[in-house]
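One structure below.
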Amino acid sequence: MSTQEKLISHVMKEEPVGCRNKVTVVGVGMVGMASAISVLLKDLCDELALVDVMEDKLKGEAMDLQHGALFLKTHKIVADKDYSVTANSKVVVVTAGARQQEGESRLNLVQRNVNIFKFIIPNIVKYSPNCILLVVSNPVDILTYVAWKLSGFPRHRVIGSGTNLDSARFRHLMGEKFHLHPSSCHGWIVGEHGDSSVAVWSGVNIAGVSLQTLNPNMGADGDSENWKELHKKVVDGAYEVIKLKGYTSWAIGMSVADLVESIVKNLHKVHPVSTLVQGMHGVKDEVFLSIPCVLGNSGLTDVIHMTLKPEEEKQLVKSAETLWGVQKELTL
């Protein structure tokens, strides 16, 4: 008799049950691992799968997490370069791709990452045909469109992390300005996750008090308090972090876990995430941009119709045209 047999006697033969909330992270770079640890620390999955082409790095990262299993609620952490390890995932977070270099725009990255997606997406679909795809790789809006096209999934199951982080950066900066917690500062960044994002100044409020009623010039050129600078800091935020530490990771990882939580817990929370916006706010082309969306167990269930000022709508359309200009050149 083995030690195990001496110690444990089975009452019944356990039937293998599938995981209810299996989360897969594709890509174990800085963003992938920050997303993985954020998901684990928030107890959002009963199994975590990691996938990457770099086998040693993948094995090392998985072992490192497994060694901490005692401190986590999730003890099943698996990793392989073979996508069969991802089978039956509820949410698949795609962070893989070429990393943005210092000074490189997110749009520059695009064709490099499209080619990577041509391998990744069909493999995800093969093993988790009912999953929700959460795309994080940059340029996220274009790559969410690419993932949607390559997967054949309905649009509600392909979501881009979009401006969820930009809006968090914006609310953090508002909080600093007013010495308040970011959760008490309300403001939305929509459009492209990147250089042409749009700050919805008309919706910025604290405790329901619209700041534009207190400062009608807020966000405009004639604003003595120069609030426009706050939005510029949001746009420059990632570039600044990349310049200082070489990459961004923690905030985007926490942002990803925030989105995963709304999905797996069916919270019906509203997030600014990237979705198909064709036919909304004057956008004519088949592009993905961030607007406020409701996330739950089925994925992206609803879209909130924002009241945008003509200037804000114009910026959104311009953002869409910029993305479409790049998209139509892509070879899928």
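Backbone N, Cα and C define each Cβ position, glycine as well.
According to Swiss-Prot, the protein carries these features:
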BINDING   29-57, ARG99, ASN138  NAD(+) binding site
BINDING   ARG106, ASN138, ARG169, THR248  substrate binding site
ACT_SITE  HIS193  active site, proton acceptor
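Sequence features, as recorded in Swiss-Prot, placed on the structure.
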residue : record                       : Cβ neighbours (10 Å)
GLY29   : NAD(+) binding site          : 20
MET33   : NAD(+) binding site          : 20
ILE37   : NAD(+) binding site          : 22
LEU41   : NAD(+) binding site          : 16
CYS45   : NAD(+) binding site          : 26
ALA49   : NAD(+) binding site          : 28
LYS57   : NAD(+) binding site          : 13
ASN138  : substrate binding site       : 29
HIS193  : active site, proton acceptor : 29
THR248  : substrate binding site       : 21
Query: Using a Cβ-Cβ cut-off under 8 angstroms and a sequence gap of six or more, which residues of the chain neighbour ARG169 (substrate binding site)?
result: ILE189, LYS233, VAL234, GLY237, ALA251
- line: Expressed in Å to no decimal places, the gap between the Cα atoms of the residue listed as 'active site, proton acceptor' and LEU41 (NAD(+) binding site) is 26
- request: Name the secondary structure element type, per DSSP in three states, that contains ARG169 (substrate binding site).
  value: helix
Field: Pairwise CA distance, CYS45 (NAD(+) binding site) versus THR248 (substrate binding site), rounded so that it is a whole Å
entry: 24
Field: VAL53 (NAD(+) binding site) CB neighbourhood, other CB atoms within 10 A
entry: 13
